[in-house]
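Each remark here refers to the structure printed beneath this line.
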Amino acid sequence: MTRYIFVTGGVVSSLGKGIASASLAAILEARGLKVTILKLDPYINVDPGTMSPFQHGEVFVTEDGAETDLDLGHYERFIRTTMTKRNNFTTGRVYETVLRKERRGDYLGGTVQVIPHITDEIKRRIVEGAGDADVALVEIGGTVGDIESLPFLEATRQLKVEVGSRRALFMHLTLVPYIATAGEVKTKPTQHSVKEMRSIGLQPDILVCRSEHSIDQSSRRKIALFTNVEERAVIALEDAKSIYSIPMMLHAQGLDEIIVERFGLECGPADLSEWQSVVDNEANPEHEVTIAMVGKYMELLDAYKSLIEALKHAGIRNKTKVNIRYIDSEQVYQQGVDLLKGVDAILVPGGFGERGVEGKIQTVRYARENKIPYLGICLGLQVAVIEYARHVAGMEDAHSTEFNPKSAHPVVGLITEWQDASGKTEQRDEASDLGGTMRLGAQECKLVDGSTVRECYGKAIIEERHRHRYEVNGNLVPRLEEAGLQVAGWSQDGSLVEVVEVKDHPWFVACQFHPEFKSTPRDGHPLFEGFVRAALENAGGK
């Protein structure tokens with residue numbers, strides 16, 4: 001039977017519920033338990049797929065093609081369980097399901113209400129998402145007290161009553177601020193946050209107190225007294241230099257032992273040696289490189305969360321400190337490529353829309369002509385193809401139909417038909433809805449022998465995740481190949497270009513998929529590791 005840990009947040013948002021949940025899950029997994037994590041988002045969007053990165057940050061794509069919250073990326077980086085569409089749902093998704101049932105007449109003419117209909121659907125999805133896991137952590141987005149979160153909190157209250165206190169508990173994250181003028185931490189916001197929880201029928205069993213300073217024993221005792229929480233269950237979580245050290249920090253305070261005792265679980269001690277190795281390698285690099293990341297969402301780096309972490313993982317695996325220089329592609333267009341001078345490698349990530357595209361094309365040209373290692377991802381492949389077509393293959397007005405529908409050389413165009421991973425044909429056109437209409441999720445890719453990417457992966461067939469609506473125009477591929485561009489990877493049916501390389505270049509790889517979604521701190525990712533090695537070689541040759 002699955003046990004449930006409901007994770008809530010108080011005082012302020014962005015406390016790190018996702019990291020705390022993932023870290024706790026990592027400890028429980030290290031004790032031999034089967035663990036999964038769900039994220040419940042209170043916003044009314046059906047999914048984050050059409051939301052601006054400035055609003056929401058990164059959209060994390062699962063193996064089965066769901067566009068989900070970036071917290072699912074944290075979950076996959078911390079535990080071995082692969083997330084699916086069942087691990088993330090929103091208020092919008094819940095209401096959509098309930099309204100569809102109402103239209104079908106499933107409620108037999110009854111009045112459809114938040115309680116019980118919405119809360120029942122939330123509970124159904126939680127139980128379904130938990131599956132056969134020993135422990136399911138359920139993170140509820142937002143802050144306790146928000147109107148949007150109330151149906152989710154009510155549903156979890158009901159679920160705890162239904163399964164019993166031996167199978168469910170509440171873990172509440174709060175902020176314990178440090179007041180510099182007084183020279184002490186203040187517990188009052190935490191007391192009020194718990195008071196807010198109790199007003200809606202929820203009593204936290206564990207408090208995780210976030211603070212930039214250490215929380216002394218007397219403050220923890222005071223918090224325990226005023227919140228009706230056992231003193232040893234008041235966990236202090238200071239700001240950490242590395243998020244990958246948090247499993248050790250929580251384990252040192254016995255958080256996993258509290259949970260195992262409460263649930264009556266039989267399992268071994270936690271083996272956190274892999275995490276200790278990750279932290280040690282991150283803290284003691286032997287080399288250093290600087291990589292330029294040229295994109296359009298540089299004001300909010302959460303838009304590139306998985307990518308930043310993937311570079312960090314590759315650095316850990318190569319015992320290399322990776323410094324990332326974040327450069328807005330519009331600035332490259334306005335100020336020139338001098339902004340790129342002094343870097344050891346260049347990465348152009350994915351993105352949507354025309355803004356900043358010409359700056360990315362200039363960036364690609366700079367990397368190609370100056371023999372600087374280049375990795376292009378998604379749009380980073382498309383701009384690489386456009387640049388090569390314009391400046392090497394003689395197609396001066398080459399462009400993507402996304403940005404210039406009238407181009408005489410549309411080297412990138414809308415995919416109207418493709419096969420999904422199961423071999424089923426999917427079709428789209430310009431009139432298709434924006435939400436959920438892309439080529440999404442894990443797809444097989446066949447790598448060409450002798451290519452750089454084939455050497456990185458060490459195998460001929462790989463599986464990577466996609467999120468795109470445009471693709472290299474197959475009709476113009478022969479002209480590009482004649483001009484020296486190498487197609488190094490094809491889709492499973494051989495119809496779509498997945499990877500391109502430039503032959504007379506030390507390391508120039510551009511892929512249509514998103515390898516960052518499969519990178520983890522313990523296992524890294526072969527493509528990013530190869531990229532960082534190329535950056536190291538370039539740095540050593542200067």
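Any Cβ shown, glycine's included, is placed from N, Cα and C.
Positions annotated as region 'Amidoligase domain' by Swiss-Prot, on the basis of sequence analysis: 1-265.
Per Swiss-Prot, UTP binding site is recorded for SER13, LYS186, THR187, LYS188, PRO189, THR190, GLN191, LYS222. Within 10 Å of the C-beta of LYS188 (UTP binding site) there are 13 other C-beta atoms, taking all protein chains into account.
Here Swiss-Prot flags SER13, ASP146, ILE147, GLU148, LYS186, THR187, LYS188, PRO189, THR190, GLN191, LYS222 as CTP binding site, drawing on sequence analysis. Classification of LYS222 (UTP binding site) by DSSP places it within a helix.
DSSP assigns SER14 (ATP binding site) to coil in the three-state reduction, placing it in neither a helix nor a strand. The ATP binding site feature in Swiss-Prot is assigned to SER14, LEU15, GLY16, LYS17, GLY18, ILE19, ASP71; the stated evidence is sequence analysis.
A 10 Å cutoff on Cβ-Cβ distances gives ASP71 (ATP binding site) a total of 27 other Cβ atoms nearby, all chains included. Taken from Swiss-Prot, the feature Mg(2+) binding site covers ASP71, GLU139, and the record attributes it to sequence analysis.
Feature annotation from Swiss-Prot assigns domain 'Glutamine amidotransferase type-1' to 290-541. Model confidence over the domain 'Glutamine amidotransferase type-1' (290-541) stands at 90, taken as the mean pLDDT rounded to a whole number.
Here Swiss-Prot flags GLY351, LEU379, GLY380, LEU381, GLN382, GLU402, ARG469 as L-glutamine binding site, drawing on sequence analysis. Just so you know, the Cβ of LEU381 (L-glutamine binding site) picks up 27 other Cβ atoms within 10 Å once every protein chain is counted. DSSP assigns LEU381 (L-glutamine binding site) to a helix.
Annotation source Swiss-Prot lists active site, nucleophile at CYS378, citing sequence analysis. Cβ neighbour count for CYS378 (active site, nucleophile): 21 (other Cβ atoms within 10 Å of its Cβ, all protein chains included).
Taken from Swiss-Prot, the feature active site applies to HIS514 (among others), supported by sequence analysis. Around HIS514 (active site), a 10 Å sphere centred on its CB holds 22 further CB atoms from the protein chains shown. The secondary structure of HIS514 (active site), as reduced to three states from DSSP, is coil rather than helix or strand.
Cβ neighbours of GLU516 (active site) (same chain, under 8 Å, six or more residues apart in sequence): SER306, LEU307, GLU309, ALA310, ILE377, HIS525, PHE528. Among the features that Swiss-Prot reports, active site is placed at GLU516 (among others), with the record citing sequence analysis.
Among the binding-site residues THR187, LYS188, THR190, GLN191, LEU381, the residue whose Cα lies closest in space to that of ASP71 (ATP binding site) is THR190. For the pair formed by THR190 (UTP binding site) and GLY380 (L-glutamine binding site), distance between Cα atoms is given as 45 Å, rounded to the nearest Å. Within 10 Å of its Cβ, the residue among the binding-site residues ILE19, ILE147, LEU379 with the fewest other Cβ atoms is ILE147. When other Cβ atoms within 10 Å of the Cβ of GLN382 (L-glutamine binding site) are tallied across all protein chains shown, the result is 30. Checking each of the recorded positions (THR187, GLN191, LEU381, GLN382, HIS514) against GLY18 (ATP binding site), the C-alpha distance stays within 10 Å for none of them. On its own chain, LYS17 (ATP binding site) has VAL7, THR8, GLY9, ASP71, GLU139, GLY141, LEU173 as residues at least 6 apart in sequence with a Cβ closer than 8 Å to its own Cβ. For LEU379 (L-glutamine binding site), the nearest neighbour among the binding-site residues SER13, ILE19, THR187, PRO189, GLN191, judged by Cα separation, is ILE19.
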